[in-house]
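S.K.: Can you read through this structure? Questions will come right after.
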Amino acid sequence: MGRFIFMSFGFLVVAVSLSGTGAGFCCPLGWSSYDEHCYKVFNQRKTWDDAEKFCTQQHKGSHLLSFHSSEEVDFVVSKTYPILKEDFVWIGLSDVWSECTKEWSDGTKLDYKAWSGESECIASKTTDNQWWSRSCNTTYYVVCKFQA
């Protein structure tokens, strides 16, 4: 009986210590987790519109990438570069729906910026934190993201 109580207490301590560390969520097989979101790199080239549509079909709530910190960008670079080498991936930032302002396709606030130039759609270089304005009809690789 004493052993059971000790083991139960041990599991409780582990559960409490893991709360708030991201251990309370799980991404589907093949997806990577960061800051309570799931990410997946697809080795497929698509236009911006096709890439966004593709992401929405991969998982409920999934969209092209939206970035909210340089640390998040670094995480994505660490996932994309080994697979895609030096290239571009579409991110969910565009002014496709709004002619005046850029916005994320997942509806989140534009609170982190790292691009130059003006174009309807934005792509991220897989080697660094730089964003580039590109024609939405160009084909680039796809990385999808959703909140876990």
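Here the Cβ of each residue, glycine as well, is placed from N, Cα and C on the backbone.
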S.K.: Choosing among C27, C38, C55, C100, which residue does Swiss-Prot name as bonded to C144 by a disulfide?
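M.R.: Checking Swiss-Prot, the candidate bonded to C144 through a disulfide is C55.
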S.K.: Would you mind checking which of C26, C27 shares a disulfide with C38 in Swiss-Prot?
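M.R.: Of the candidates C26, C27, the one Swiss-Prot pairs with C38 is C27.
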S.K.: Can you tell which of C100, C136 is bonded to C121 by a disulfide, based on Swiss-Prot?
M.R.: C136
S.K.: I'd like to confirm something. Which of the recorded positions, C27, C38, C121, N137, has a Cα closest to the Cα of C55 (disulfide bond)?
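M.R.: The smallest Cα gap between C55 (disulfide bond) and any of the recorded positions is with C38.
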S.K.: If I take the Cα of N137 (N-linked glycosylation site) as reference, which of the disulfide-bonded residues C27, C121, C144 has the closest Cα?
M.R.: C121
S.K.: Compared by Cα position, which of the disulfide-bonded residues C121, C136, C144 is the closest one to C27 (disulfide bond)?
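M.R.: Minimum Cα distance from C27 (disulfide bond) across C121, C136, C144 lands on C144.
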